[in-house]
Amino acid sequence: MNTSAPPAVSPNITVLAPGKGPWQVAFIGITTGLLSLATVTGNLLVLISFKVNTELKTVNNYFLLSLACADLIIGTFSMNLYTTYLLMGHWALGTLACDLWLALDYVASNASVMNLLLISFDRYFSVTRPLSYRAKRTPRRAALMIGLAWLVSFVLWAPAILFWQYLVGERTVLAGQCYIQFLSQPIITFGTAMAAFYLPVTVMCTLYWRIYRETENRARELAALQGSETPGKGGGSSSSSERSQPGAEGSPETPPGRCCRCCRPPRLLQAYSWKEDEEEDEGSMESLTSSEGEEPGSEVVIKMPMVDPEAQAPTKQPPRSSPNTVKRPTKKGRDRAGKGQKPRGKEQLAKRKTFSLVKEKKAARTLSAILLAFILTWTPYNIMVLVSTFCKDCVPETLWELGYWLCYVNSTINPMCYALCNKAFRDTFRLLLLCRWDKRRWRKIPKRPGSVHRTPSRQC
């Protein structure tokens, strides 16, 4: 929404001339009604999607959820009451309803701006301070920041709108009109426009520019890293030495030809796995290493002992068993494999950086769409606010009405931005609209399963 309503700048304006024809009234009513319906439907889809699809329950999407709540309030109350105001040509619902509408409208509008600032700062710190910031980036902290954004918006607008007339001792709002009393002076309206629109937009654009520059720098670093890799070396090779660990002291090794009578099931060893999580914008590598700290690229293969059934009975003699053969890198093996490990480490680092870059670009794309929609829909009205400060009669009444409504349209566009830039939102919207949401298991499945190596058992 906007920072000030048209009557706040020109209190003596008749909102809609009573002489409007029935076709004009019908056109305005149908158009605004459809916009209100689209706004409510779109933002309800966002809320329901967040509820049913656990893949969307991420820290970044908590801010989008808060923004959708503000847009839902605007679509449900602000749009419809303003349409009534336009069609009737005067405010007929009383002074209390007027003040409550204005308070709700301005609190929700300011909360939208605050949420956009939170999204911008969240993306900025995630890109520029990935280690320190993401350690503190939890759902609880996100909820706290969202709560503060709404609290600040409420404190700034609601008390002043509701109680200003009691502070000054009289109500100066003209009969049949609805606007904020303390914004009747153009200079005050100009100040609120600067603080509530131009300053936040400047901060958002600056942060987005910094995010763009940082993302481009990372893309160049990734290209340089990938270009320095040597193909065909160190893809999965590891040099290791085998050490025999007897099952008991003094027991000889099992002859090569001996067959086990009891075979263990195959063991699964995970060398590394990708974690893809919308909440974290980077993939993380996990390595299975020995207790002595092998490098992530090394592979540990444990062969379980094959114990004879007869040897399991209690006896004074130590049981005979096949040796525990542990295949693990040694210092000597590492020295020989040093050249092969480096390319593998670079390959894993390149994969991690690629995944991080993809996530950052996707989040930046969503942010850019939201910011672009916000700037395009809010700028015309706020330009008219500046013009009216120096020339009261230079802005036609029709432009005021269009500019005011265009601010509302931003709440209609935001859910479309989520769907266009986020495949998870888009797929969930489609399933909900087709009434097929119950046919899908809303459970997050890792998109990059870990690479699992199977150690085969001995064949009898």
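Keep in mind that glycine also has a Cβ here, set from the backbone N, Cα and C atoms.
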Quick one: which of Cys98, Cys259 does Swiss-Prot link to Cys178 by a disulfide?
Cys98
Hey, in Swiss-Prot are Met88 and Ala219 both on the same membrane side?
no
Can you see whether DSSP assigns Cys98 (disulfide bond) to helix, strand or coil?
helix
Pop the Cα-Cα gap between Cys178 (disulfide bond) and Thr428 (phosphothreonine) into the table, whole Å please.
40
Sparsest Cβ surroundings (other CB atoms within 10 Å) among the disulfide-bonded residues Cys98, Cys178:
Cys98
Of the residues in the topological domain 'Extracellular' (391-401), how many are helix, strand and coil by DSSP?
5 helix, 0 strand, 6 coil
What's the number of neighbouring CB atoms sitting within 10 A of the CB on Thr428 (phosphothreonine)?
25
Cys178 (disulfide bond): secondary structure state under DSSP, collapsed to three categories:
coil
